[in-house]
Each structure stands twice: as structure tokens, then as C-alpha cells.
């Protein structure tokens with residue numbers, strides 16, 4: 001993984017909108033006829049959210065080469081871009097599948113994901129789950145331990161001179177072999193081995209490679225179309241031509257309420273999860289109405305010694321991390337003896353409102369736009 005850039009970035013180019021519209025129409029035709037479509041995203045898909053790219057004129061590594069600091073938004077508070085949300089909608093189309101973890105290859109890691117060194121169990125966090133690297137860039141210990149086996153947890157970031165995760169790289173290559181359409185959005189395609197994935201498709205006679213980037217890439221000669229514009233500009237046109245909406249961002253959280261009852265003793269545990277069941281930390285505290293104790297660390301477990309009648313309302317006050325100024329939420333769980341309740345919590349950052357929906361369960365086929 002390359003860790004440098006020249007002091008002067010490669011020249012950017014922006015095509016006239018008429019040319020972008022024409023190429024967008026070609027891409028739309030290719031999408032409609034595609035049977036296996038892959039999107040490859042680079043840092044350019046996030047620049048409109050205030051997160052700089054790496055090798056652009058104001059890119060992180062370009063500025064570093066000039067001895068300057070880069071201004072950047074907090075990634076935990078950034079709102080997903082039009083490109084992000086367009087891809088969410090495309091993955092939720094019939095026949096394309098939902099946005100499931102097994103359909104995503106995070107080639108360079110995720111600052112919110114850590115995993116157990118011993119059993120490989122993954123954990124998602126609504127905070128930066130990254131090592132402090134006090135013992136060097138290759139020491140990925142986060143300081144937390146696995147609740148299943150007690151093993152140490154490691155961050156999933158790929159630093160310089162480290163190999164990409166085998167599972168993600170293999171999955172990407174496997175799908176590239178199957179793909180008949182490959183769209184690159186906002187990547188200079190200069191980092192190996194990741195750049196080799198679109199090359200696989202570009203070298204196939206029965207597949208098409210499209211690249212949308214402001215700078216030229218080393219494999220432009222393998223493309224069916226090169227589009228020199230911002231990713232958001234292209235994707236807004238593509239979605240309009242497809243007749244598909246670009247959904248607004250909604251923060252989605254999945255919560256399991258597990259009640260265990262023995263006589264008049266009740267044990268209540270609230271657990272955050274991803275839609276596929278991966279543990280997800282997004283709560284700061286939990287309090288049960290009628291009790292004084294506020295639980296401020298996982299597991300969020302509350303013990304009650306009192307008679308509870310079927311149908312009694314258990315009212316939990318949930319405190320979130322607050323990256324999007326989420327207010328506390330009162331969750332009402334009807335007591336019906338031992339059992340689990342599954343809740344989808346949706347928060348709209350635009351109006352500051354929560355919507356709660358009880359589910360029968362959480363399944364891998366459940367659509368999600370979690371951030």
C-alpha cells in the first residue's frame with residue numbers, strides 16, 4: 001500500500017455536463033443489461049462529506065508532501081454522500097441482494113470494526129476502534145478483549161507495508177471474475193494489489209469497465225468509458241435515468257432485549273447488534289424506569305427482584321454516542337416472561353426524531369444502511 005504522493009497533484013479534469021450526461025446514459029444502459037455488477041469506491045466518494053481524498057490537490061498525502069495539515073470532517077459525524085446512498089439503493093434492488101457484510105470487501109479495513117485475534121469474532125463500534133500504535137504501526141491491539149473467548153481484540157486497519165485481508169481480497173477477486181460490469185468511483189487506482197481488481201474486469205472481452213474520477217488512472221485504456229467528474233454528479237444522473245430514488249440518510253440501530261425470569265427475579269440484558277448479528281456498540285448507558293442505577297458499560301444488564309405481571313411495561317432510557325446529536329430514547333418493552341425482543345431503531349438527523357419498530361427477528365436478508 002503506497003504511502004506517498006507528489007507535492008503537486010496530478011491535474012484534475014472536469015468534462016462538460018453534456019458529455020457527462022451522454023456517458024451516464026451509456027452507463028445506465030450497461031447497468032440495465034448487467035447480470036453481475038460491482039462498484040469499487042475510493043476516497044473520492046467521500047470528499048463532498050468533508051473527508052479529503054489522498055492524491056487530489058487538497059488530498060491528505062498531497063498536503064503532507066507539502067508539509068501542510070489537511071482539514072477534515074469527523075468521520076463519525078459525517079453524513080453519507082449521494083454516491084454512498086445511491087449505492088445503497090442499487091444494492092437493495094431485486095436481484096442485486098441487500099447490503100450484507102458478505103457482499104462488501106473492505107480492502108483497507110474499517111476504523112469502527114475490530115476482531116478477535118484468536119476466534120476471529122468481529123465487533124462493530126460507534127467509536128474509533130483503533131490501536132494507539134504506541135508500539136509501532138503494526139501493533140493493532142485495541143486494549144479490549146473478546147467476550148466469547150477472552151482473546152485480545154485487534155483493529156482492522158491496513159497500515160503501510162501490510163497485506164490486505166485475505167477474505168476481502170479473495171472475495172473481491174472472485175466477484176471480479178464473475179462481473180460483466182465494473183464501476184470505479186473516485187479512485188486514482190495507484191495502490192496495489194487493490195488496483196488489480198478492476199484490471200481483471202478490464203482485461204475480459206465479455207465485460208465492461210467504467211471509471212469515474214477527476215484524474216487519469218493507469219488503466220484508463222482498459223475502460224469502455226472514462227467519466228471525468230465528481231462521483232456525486234455522475235451518480236445523481238445515473239439514478240435519475242434509472243428512475244430510482246437516492247434515499248436520505250437514516251441512522252439505523254438494531255437492539256435485542258433479552259429477559260430471563262426465575263420466580264420474582266428478572267435479568268434484563270440489552271445488546272446492540274448489526275443486522276447480521278455482529279455485536280455493535282452504540283449505547284453509552286441504559287436505565288430502567290423505577291430503578292436508580294444507570295448501567296454505563298457493556299453488558300447492559302439490569303437485575304430486578306419484584307413481581308412482574310404479563311403485559312407490564314418495561315421502560316428503558318437509552319443514551320447513545322451522540323455523533324449525530326441523537327437524543328435519549330425511551331424504549332417500551334412489554335414483559336411476557338423470559339424471551340427476546342428485537343427492535344429496529346431509526347433516527348433522522350434532519351428532524352432529530354427516533355422511530356421504533358419491533359421485529360420478529362433480525363435476519364441476514366434484512367436491508368440496512370447502517371453507518
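Glycine is no exception: its Cβ is also placed from the backbone N, Cα and C atoms.
As recorded in TrEMBL:
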- 17-245: domain 'Deacetylase sirtuin-type' (DOMAIN)
- 108: active site, proton acceptor (ACT_SITE)
- 116, 119, 146, 149: Zn(2+) binding site (BINDING)
Winner by Cβ contact number (other Cβ atoms within 10 Å) across the binding-site residues 146, 149: 146
Predicted model, mean pLDDT over the domain 'Deacetylase sirtuin-type' (17-245): 88
Local backbone state of residue 116 (Zn(2+) binding site), from DSSP in three classes: strand
Neighbours of 116, 119, 146, 149 excl. site residues, C-beta within 8 Å of centre, Zn(2+): 117, 118, 120, 121, 148, 150, 151
Cβ packing number for the residue listed as 'active site, proton acceptor', 10 Å threshold: 17
Helix, strand or coil at the residue listed as 'active site, proton acceptor' [DSSP, three-state]: coil
